[in-house]
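Structure first, commentary second.
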Amino acid sequence: MLEIGMNLAYLAAAILFILGIKGLTRPKTAVRGNMLSATGMFVAVAVTLLDNSIVSFELIIAGALLGGAIGAVLAKKVQMTAMPQLVAVLNGFGGGASLGLAAASYLQTLGGAGFAEGALGTITLITIALTVIIGSLTVTGSLIAFAKLQEIMPGQPIGFPGMTGFNALLLIGALASSVMLAIDPTNTLYFWLAIGLAAVLGLTLVLPIGGADMPVVIALLNSYSGIAAAFAGFVMGNTVLIVSGSLVGASGLILTNIMCVAMNRSLPNVLFGRMGADTGGEGAGDEIYEGKITSASPDEVGMLLETAQKVIIVPGFGMALSQAQHAVRELADAIERNGGEVLYAIHPVAGRMPGHMNVLLAEAEVPYEKLVEMERINPQFDDCDVAIVLGANDVTNPMAREDKGSPIYGMPILNVDKARTVVVIKRSLSAGFAGLPNPLFALDNTLMVFGDGKKAVVDITTALENG
Amino acid sequence: MEILIMQVSLFVLALMLGVELITKVPPTLHTPLMSGTNAISGIALVGAILAAGNADGGEVARWLGFVAVVLASINVVGGYMVTNRMLAMFKRKD
């Protein structure tokens, strides 16, 4: 009877998760959706505590208090610019939790009733092995992603020739260990070997991926953490784990796909292609830029904005780096007070994770209606007086549209060059992640404002208000 | 075996439902979606609680369960709180 009640409660929890995600389809219903999802979690955890198999609560309570406190501090303290890092570590923790529970479940079955003979036992063991493999590589992969985003490690791709082959060997080794474990369940060596090989695989999969490809990696690891939880659900015979793990897995996969489409690259190309790691270089830029760069002072840009009717701001990772989102909002306010209209053009891969720019601008209280997606904003550059590019580079490079020989040819870009005047705020003429010069900077209608993003924006605002 | 088939069916159907739902989430909410799904993947807490409370596998297994409880709790509490914090920013302009 208790078991039936628990399963019904798990069903209720799964329904609440689904309604919660449904709430996220609109900004207005999103807060309520998150609450519904949290309620589902509460229900699932509460009924689990009634399970007869629990003999002691000390470790459960201690663990929940410790984890809850750490989670609360992280959630309160994290800066919005650091959200990619937080999501990266949470992906890792999610994978780690599934790894831990699957490992504990393996040892408990071994120490308790033992594994069933025949096909059923084999399937259980293979499922446990797959859970720990995905969990383990999610942990180490996420730690590398975190270290790269936090700039503890350099953002450049790190690797050696033949790395893809090495990774394939690691994967084959981990899978072979799983098969050996299924044949000989009591040999724990195979179990730990599968975990260890997967842990190394997580490192070597993410190390060769550069900083600007992190949106794809984070989305993919997000998906892995969900799939690990779903597989852990198979191990524990728990339906709510299976359902919610699959939802998370699907979410990560869709985001991964959106990011890849936005870069016009396939997932294997992002993971193994190492595009732009050593192409182009500074030398190639000199020819394009020679004598064609017009630089402008913040005062000149302020004067230009006085008469502008329509301004489109194009934020990129540089806005996050210089924490310029509040300054940008103040500039937009000043332009609006002057009678101009301001919109924001958001490229899907701007920033270091999906939706990164939207969150930063929401933090600065920019209404979300003003954040316009690429497909809808591109036609609007034609009647735009001034486009302000702040810390974005490759996503505005016209070569992606025009130069068939360019490595980024075919990547969808923001057509900022169609604006009457383009203002690019940038530290220097250095190349973006793709390592390519950007002919946008050399156009006749482009003005370069060199300097720190935040300071430049503040100076332009001051100039506009005093002008 | 029947149970396994049912579980696989559940897995596949939930994946398909997830795809249908999540394609409707607007790009503006993609970051809260990711932190929100981080919180949901903390559902591993359910399994972790059972692992940490079970004495069959000896001390190592219980401590592995404990680690799983800690990690999953971080995801649950941290994930929901930070998602709520972000969504509140989107909401206040209504």
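A Cβ is built for glycine as well, from the same backbone N, Cα and C atoms used for every other residue.
Residues or ranges marked as domain 'NADP transhydrogenase beta-like' by TrEMBL: A:7-462.
Long-range Cβ contacts of the transmembrane segment (A:6-24) within its own chain (Cβ-Cβ under 8 Å, at least 6 residues beyond either end) map to 30-41, 43-44, 46-48, 50-51, 238-240, 243-244, 247, 251. Annotation source TrEMBL lists transmembrane segment at A:6-24 (among others).
Same-chain residues lying 6 or more positions outside the transmembrane segment (A:31-50) and placing a CB less than 8 Å from one of its CB atoms are 2, 5-6, 9-10, 12-17, 19-24, 57, 60, 240. Feature annotation from TrEMBL assigns transmembrane segment to A:31-50 (among others).
Summarising the annotation, TrEMBL assigns transmembrane segment to A:56-74 (among others).
The transmembrane segment annotation in TrEMBL covers A:86-107 (among others). Beyond the ends of the transmembrane segment (A:86-107), by six or more residues, the same chain brings 74, 78, 128, 131-132, 134-143, 145-146, 149, 188, 191, 195, 218, 221-222, 224-226, 228-229, 231-232, 235-236, 248, 353 to within a C-beta distance below 8 angstroms of the stretch.
Per TrEMBL, the feature transmembrane segment maps to A:119-146 (among others).
Per TrEMBL, transmembrane segment is recorded for A:158-183 (among others).
Proximity of distant same-chain residues to the transmembrane segment (A:189-209), defined by a Cβ-Cβ separation under 8 Å and at least 6 residues beyond the stretch ends, is recorded for 99, 103, 106, 129, 132-145, 148, 157-159, 163, 166-167, 170-171, 173-174, 177-178, 180-181, 216-217, 270-272, 274. According to TrEMBL, the feature transmembrane segment maps to A:189-209 (among others).
Residues 84, 87-88, 90-92, 94-95, 97-99, 101-102, 105, 124, 127-128, 130-131, 134-135, 137-138, 141-142, 145, 206, 209, 241-253, 255-256, 258-260, 263, 267, 270, 352-354 of the same chain lie 6+ residues outside the transmembrane segment (A:216-235) yet bring a C-beta within less than 8 angstroms of a C-beta in it. What TrEMBL lists as transmembrane segment is A:216-235 (among others).
Among the features that TrEMBL reports, transmembrane segment is placed at A:241-262 (among others). When Cβ-Cβ distances below 8 Å are used as the criterion, the transmembrane segment (A:241-262) is approached by residues 13-14, 17-18, 21, 94, 215-216, 219-234, 270, 347-349, 354, 374, 411-412 of the same chain, each at least six residues removed from its ends.
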